[in-house]
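K.L.:
Here it is, the structure in full.
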Amino acid sequence: MPPKAKPAAKQPAGSASSTKPGTTDGKTVPSQNLATTVAVNDDNTATASASTSTNDNTKSAVAATEPKKKTLVTADGSSDKSEKKKKSKKRQETYSSYIYKVLKQVHPETTITNKAMSIMNSFVNDIFERIATEAARLATYNKKSTISSREIQTAVRLLLPGELAKHAVSEGTKAVTKYTSSK
């Protein structure tokens, strides 16, 4: 039984292009720019060949013959067989440990659910992003390339209402003072 050849790239109908040797049985296959052919032989081996043609110059490269493996490949490209090494999950950065510490400082007997912690984490991320965006905008207005504590303080005053802004500014000032004194 002759080997079965499956073209990997379909050619447009009626294309008049150069021909190249691309299969194991010596037949020629029309090629436009790039064509790849895979042939499965009787002894369960696969042969692949690829060629490109540019201005009637045909280049051909034939891959080595290797035994056909029986592994299923899913739609996302991963194989069905389990790998020996486990893939480690990417660590997700959250503020949950810090939120928990503040909660215990304020109300030591109170606990928090996972859903509430997720909401608090989203809230902190949202406020952080708003303050950073506003501080960057202020630095741009003042033609500065560096965001300093002054831009952060002004951004907090613009974003947070009334008494909340005053408390946030005083806590921020206290934190910056503590940091600079510890250096």
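Heads up, the Cβ atoms here are built off N, Cα and C, so glycines get one too.
Where the annotation comes from TrEMBL, it is an automatic prediction and has not been curated.
From TrEMBL, here are the annotated features:
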type     : residues : note
COMPBIAS : 1-18     : compositional bias 'Low complexity'
REGION   : 1-93     : region 'Disordered'
COMPBIAS : 19-39    : compositional bias 'Polar residues'
COMPBIAS : 41-61    : compositional bias 'Low complexity'
DOMAIN   : 79-158   : domain 'Core Histone H2A/H2B/H3'
K.L.:
Within the domain 'Core Histone H2A/H2B/H3' (79-158), what mean pLDDT does the predicted structure show?
P.N.:
92
K.L.:
Can you tell me how the residues of the domain 'Core Histone H2A/H2B/H3' (79-158) break down into helix, strand and coil by DSSP?
P.N.:
49 helix, 1 strand, 30 coil
